[in-house]
There are 2 protein chains.
Amino acid sequence: MTRAYNFSAGPAVLPESVLRQAADEMLDWHGSGMSVMEMSHRGKEFMSILAQAKADLAELLNLPSNYKILFLQGGGVGMNGIIPMNLLGNKKSIDVVNTGSWASKSLKEAKKYAKANEVATSEPQHYTCIPPRDTWKLDPDAAYVHICSNETIGGVQYHWVPDTGSVPLVADMSSDILSRPIDVSRYGLIFAGAQKNMGPSGMTLVLVRDDLLGRALPITPNAFDFKQQADNDSMLNTPPTYAIYIAGLVYQWLKKQGGLAAMEAHNRKKAALLYDLLDATPFYTSPVARSDRSLMNVPFTLPTEELTTAFLQGAKERGMVQLKGHSSVGGIRASIYNAMPIEGVQALADYMKEFAAHHG
Amino acid sequence: MTRAYNFSAGPAVLPESVLRQAADEMLDWHGSGMSVMEMSHRGKEFMSILAQAKADLAELLNLPSNYKILFLQGGGVGMNGIIPMNLLGNKKSIDVVNTGSWASKSLKEAKKYAKANEVATSEPQHYTCIPPRDTWKLDPDAAYVHICSNETIGGVQYHWVPDTGSVPLVADMSSDILSRPIDVSRYGLIFAGAQKNMGPSGMTLVLVRDDLLGRALPITPNAFDFKQQADNDSMLNTPPTYAIYIAGLVYQWLKKQGGLAAMEAHNRKKAALLYDLLDATPFYTSPVARSDRSLMNVPFTLPTEELTTAFLQGAKERGMVQLKGHSSVGGIRASIYNAMPIEGVQALADYMKEFAAHHG
C-alpha cells in the first residue's frame with residue numbers, strides 16, 4: 001500500500017491514523033460486535049459516539065453555551081436553501097457578500113425565498129479578493145448577512161471577521177472549518193460540509209445561536225428545521241452516523257495535534273511554503289490578492305496549457321494527485337487542508353522548483 | 001473479534017464480506033493511494049464507483065430505461081418534504097394511505113405543501129394491517145398516491161402493488177428495498193433511506209420516472225430538485241460518496257447471492273422460522289394480520305414487561321442484540337434484513353423456544 005499526497009479540494013485527505021482506526025474498528029466497534037454503520041442511532045453505543053463528537057467539537061471551538069451543534073445532511077449546496085428557510089422569519093431580505101463561486105450560488109439560491117441583495121462583490125476583480133468592509137452596502141433590516149469564509153475554487157479567504165452590527169452573520173465555512181481558531185460568538189450561524197476538514201461527504205455541520213431558532217418558514221421540511229433538530233439532538237431523523245463517527249475521530253486527532261491554534265500555525269507554515277515559492281518564481285502566477293490568500297486552497301497558473309498538463313503528469317508520477325484546478329479557473333490548485341502533512345506540501349514545493357527550473 | 005447477531009431496525013446489519021472489503025480498502029482503494037472517503041467526487045476513481053453502483057442497481061431491479069437513479073441526502077424524513085416539492089406541480093392535492101408511523105409522518109409533512117388526503121387508514125386496527133384497495137377513496141386529480149411499502153415499526157408490509165390508475169404511485173421502500181423483486185414500472189417514484197438494506201445512513205435512493213421530472217415548486221432547493229440532480233447524475237452537489245461506495249459493494253454482494261428473487265426466497269425462509277414459531281407458541285403474540293406480515297421486521301410481545309426485559313437480557317448474553325421493540329409499540333422487534341444470516345434467525349428461534357418452555 002502506498003498513500004498518495006492527495007491535494008483534492010474535497011472530498012479530501014483525512015488523517016491516516018483516523019483511517020487506520022476506522023479500518024480496525026470496521027467489523028467490531030469496541031467489542032459491540034457491530035460496525036458503527038450497523039448501529040441503531042438511538043442505541044447507547046452510537047449515542048456515546050455522538051456525545052463524544054459534540055463534546056470534542058465544542059472544546060476545539062471553545063463553543064459558547066448558547067450555540068447548538070447540529071449534524072445534518074444536505075451539504076453546503078443544500079444549506080443554501082435550508083438556511084433562508086430557517087432564518088428568514090418575518091424579514092424580507094438577505095444580504096450576501098459575493099466573493100466567488102460559492103457565495104454566488106448562495107446568493108442565487110437565497111433569491112428563491114427572499115429579496116437577496118448582493119451587498120458587495122469582487123466579480124470585477126475576477127473574485128481574486130475580498131471586498132473591503134467599508135464598501136459593503138448592508139441593509140440594517142436584513143434577516144442576516146451571508147459570507148463564504150473561504151472560497152474553495154478561487155482560493156480567497158477572510159482573514160478578519162466582518163462587523164455586521166445587530167444583523168446576524170452567517171458563514172459558509174465548508175472549506176476552512178477547524179483550520180484555525182474562530183470566535184464563534186461573532187457569528188449567528190456557521191455551516192460546513194464535512195468533506196474538507198472533517199470527514200466523509202454527506203454530513204453537514206451547523207452551529208447556530210439559539211435565539212435564531214424557531215423562525216423557520218412553514219415550508220421547511222422537518223428534517224431540515226434547525227429548531228426541531230436542535231430539540232432532538234440531530235436525531236429527528238436518522239443522522240449520517242458513520243460520517244459523524246469519522247468526524248469524531250478527526251476531532252480527537254485535532255485535539256492530539258494541539259487544537260486549532262496549533263493547526264493554524266501548521267497550516268500557515270504549509271501555505272507559506274507554496275506562496276513564498278510562487279512569489280519568488282515568475283514562472284508561476286498566483287492570482288489572489290496577498291491579503292486574502294487562502295491557507296487551504298492555493299491556486300496558481302503556469303505559462304501555457306501544455307506546461308500545465310506536463311506539470312500534472314509529472315506530479316502524478318511523483319505520487320501527488322488531484323492537483324488540477326477547477327474547470328472554471330484552470331491551472332493548478334493545491335488544497336492543503338488540516339490532514340495534508342507538511343511533507344506533502346514540501347514535496348510539491350520541491351517539484352515546483354524543479355519543474356520551473358527545467359521549463360522556465 | 002466476535003460479530004453479534006444484530007437485529008437493529010436501522011441502521012442495520014451489513015454483509016460481513018462488504019465490511020471486510022471496506023476495511024481492506026480503507027487506506028488505499030485499488031492502488032489509488034486514497035480512501036474512497038478522500039476522493040474528489042468528480043475524479044475518475046469515484047466516477048467509476050458511481051457508474052458501477054448504478055449499473056449493478058439497475059441490473060438488480062431490472063430498471064426500465066425511463067427511470068433515473070438518484071443518490072441524494074436527507075433520508076426518508078427529508079424526502080417527506082422533498083417529494084411534495086418535486087411532484088406537486090400544478091396539482092392541489094396528494095393522497096396518502098396511512099398504514100402506521102411512517103405513512104403518518106409522510107401525511108403530516110405533505111400538508112405543508114398541499115391538501116393531503118388520508119385516503120385510507122388502519123389506525124382503528126392499531127396499524128396491524130394494510131387497508132384493502134377497495135376501501136381507498138382516491139382522488140383522480142391528486143398529484144400522486146403515497147404508500148409506505150413496509151412499516152418498520154409496525155411490521156406491516158404490502159404484498160401487492162396497488163393500482164392507482166393514471167395517478168403516479170409513490171412508495172417509501174426504506175425498509176424493504178432490494179429485499180424482493182419489484183416491478184418498478186408500476187411506480188412513479190420509489191425512495192429509500194440506505195440504512196436498512198443498502199448501507200450507511202446519510203444516503204437516500206430515489207428512482208423516478210422521467211416524465212415526473214421538471215415539476216418542482218420554485219421553493220425547492222437545488223440540491224433536492226430531482227430534475228437538476230438527474231441532469232447532473234446526482235452530482236449537482238457533493239453526493240455522500242462513501243455511503244454510495246458501500247451501497248455499491250452491497251449491490252455486488254446481492255448479485256453474488258443470486259439477485260432479488262434469491263433474496264426473497266431467503267427472506268421468506270428466515271421470516272417463516274419466526275412466524276411459524278409465533279403461531280405455534282401461545283406464549284408469544286404476533287399483532288399483525290397474517291396477510292400483511294413484514295418479511296423484514298417481526299414484532300411480537302411477551303405476556304409481561306418483566307418477561308420482555310428478561311428475554312432481552314438473555315438474548316444479549318447469547319450475542320443477539322438490538323431486539324427491543326420501538327417505544328411506541330413495546331415488546332420485541334426482530335429486524336431480519338437481507339444481510340441477517342439465517343443462522344442468526346435460527347439462533348433467535350431456538351432461544352425463543354427455550355425461553356417460552358422455561359417461562360411459559
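Including glycine, each Cβ sits where the backbone N, Cα and C put it.
Whatever TrEMBL says is automated annotation, not expert-curated.
If you look up TrEMBL, you'll see A:5-348 marked as domain 'Aminotransferase class V'. Each residue in the domain 'Aminotransferase class V' (A:5-348) has a pLDDT score, and their mean in this model is 97.
Summarising the annotation, TrEMBL assigns L-glutamate binding site to A:Arg42. The secondary structure of A:Arg42 (L-glutamate binding site), as reduced to three states from DSSP, is coil rather than helix or strand.
Non-local contacts of A:Gln195 (pyridoxal 5'-phosphate binding site) by the CB criterion (under 8 A, 6+ apart in sequence, same chain) comprise A:Gly10, A:Pro11, A:Ala12, A:Gly75, A:Ser174, A:Ser201, A:Gly202. Marked as pyridoxal 5'-phosphate binding site by TrEMBL: A:Trp102, A:Thr152, A:Asp172, A:Gln195, A:Asn237, A:Thr238.
According to TrEMBL, the feature N6-(pyridoxal phosphate)lysine maps to A:Lys196. Under a cutoff of 8 A between CB atoms, and with a sequence separation of 6+ in the same chain, the neighbours of A:Lys196 (N6-(pyridoxal phosphate)lysine) are A:Ala9, A:Gly10, A:Pro11, A:Ala12, A:Thr152, A:Ser174, A:Ser175, A:Asp176, A:Ile177, A:Met296, A:Ser335, A:Tyr337. When secondary structure is read from DSSP and collapsed to three states, A:Lys196 (N6-(pyridoxal phosphate)lysine) falls in the coil class.
When Cα-Cα distances from A:Arg42 (L-glutamate binding site) are compared across the binding-site residues A:Trp102, A:Asp172, A:Asn237, the shortest belongs to A:Asn237. Using a Cβ-Cβ cut-off of under 8 Å to chain B, the recorded positions A:Arg42, A:Asp172, A:Lys196, A:Asn237, A:Thr238 reduce to A:Asn237, A:Thr238.
Using a 10 Å radius centred on the Cβ of A:Asn237 (pyridoxal 5'-phosphate binding site) and all shown protein chains, the other Cβ atoms total 25. Taking a C-beta cut-off of under 8 Å and a sequence gap of six or more, A:Asp172 (pyridoxal 5'-phosphate binding site) has these contacts in its own chain: A:Gly76, A:Met79, A:Trp102, A:Ala103, A:Ser106, A:His146, A:Ile147, A:Cys148, A:Ser149, A:Phe191, A:Ala192.
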